[in-house]
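Worksheet for the structure shown next.
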Amino acid sequence: IIVGALFLPDTPNSLVERGKHEEAKAQLLKLRGVPNVDEEFNDLVVASEASKLVKHPWVSLLSRKYRPQLVFAIGIPAFQQLTGMNVITFYAPVLFKTMGFGSSASLMSAVITNLVNALATFVSILTVDKVGRRKLFLQGGCQMLLMQVAIGIAMAVKFGVSGNPGKLTLGFAVPLVLLICVYVAGFAWSWGPLGWLVPSEIFPLEVRSAAQAINVSVNMIFTFAIAQVFTAMLCHMKFGLFFFFSVCVVVMSIFIYKLLPETKGVPIEEMHTVWENHPYWRKYVVNDEGIAMGKGKGGQSA
């Protein structure tokens, strides 16, 4: 990470924020690969100037016109932790030990699942700008749902309500390991990376600091909470825990399908038009006269 940071270029937004307009324009030209970016650059400058007028981003984020950003700042990181990854990783060492890895089961399960995770994340990097965020979210959700249900049924048949697996055969463990890998892949090219990417794309400059703080805080809070209650839930629910997280995946997929607009190829300074045209969020960002909240009738920021 440290070495990579040395080669990480500044974004046009950050350069504009620091008054380095020429460097920002050059970076924007490099990113877009087109000969003229004047219109987008001017939008960046206008958005930067507007953000400087906001003295209290926390207060602004609670206002009605920023309701979409607030909902996603809370919803996406919360749902990301409710995908059930802890359930999958908990059972992985048992399955790998059954396959003959012995005391190295935990290490092997970590190596294999993390390898699948890394490879699938690269798939997301290569496809996210072609397929789109919504499709990856929904496809990953369906994939995780099917795998959770399949693993839950298999565990119910083998473990029973007692939770005692007895002797797991190799023929039983191998398919379960494959299901786990497919599940991990579904998470790794959808909710894993997109849970961080999408929030960074939808928060406007004037409330970004507050929104990102909420986003990270909610993620950490849910990570801590699930880690604390996971063992107790596992003892009481046993294989039912897989079905619990399956329901969570259904809810989060509906959340994405109904509320999240596609952000592929949309500059952050143009996201307001996406909210204005969304069938649900429009009522929060457009007033009764059909004018975007925070804008005058001339279309300029008020």
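Quick reminder: no glycine exception, Cβ is built from N, Cα and C everywhere.
Here the structure is a predicted model, which means the values were calculated and not measured.
Record features (TrEMBL):
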- 1-264: domain 'Major facilitator superfamily (MFS) profile' (DOMAIN)
- 70-92: transmembrane segment (TRANSMEM)
- 104-128: transmembrane segment (TRANSMEM)
- 140-160: transmembrane segment (TRANSMEM)
- 172-192: transmembrane segment (TRANSMEM)
- 213-233: transmembrane segment (TRANSMEM)
- 239-260: transmembrane segment (TRANSMEM)
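Under 8 Å from some Cβ of the transmembrane segment (70-92) lie the Cβ atoms of residues 61-62, 109-110, 113, 144, 148, 151, 155, 176-177, 180, 183-184, 187, 191-192, 195, 198-199, 202-203, 211-212, 214-216, 218-219, 222-223, 226-227, 230, 234, 241-242, 245-246, 248-249, 251-252, 255, 259-260, all in the same chain and six or more residues away from its ends. Below 8 angstroms of C-beta separation, residues 79-80, 83, 85, 88, 91-92, 95-96, 98-99, 112-113, 116-121, 123-124, 127, 136-137, 139-144, 147-148, 150-151, 154, 158, 252 of the same chain, each at least six residues beyond the ends of the transmembrane segment (172-192), sit close to that stretch.
Confidence for the domain 'Major facilitator superfamily (MFS) profile' (1-264), expressed as mean pLDDT, is 87.
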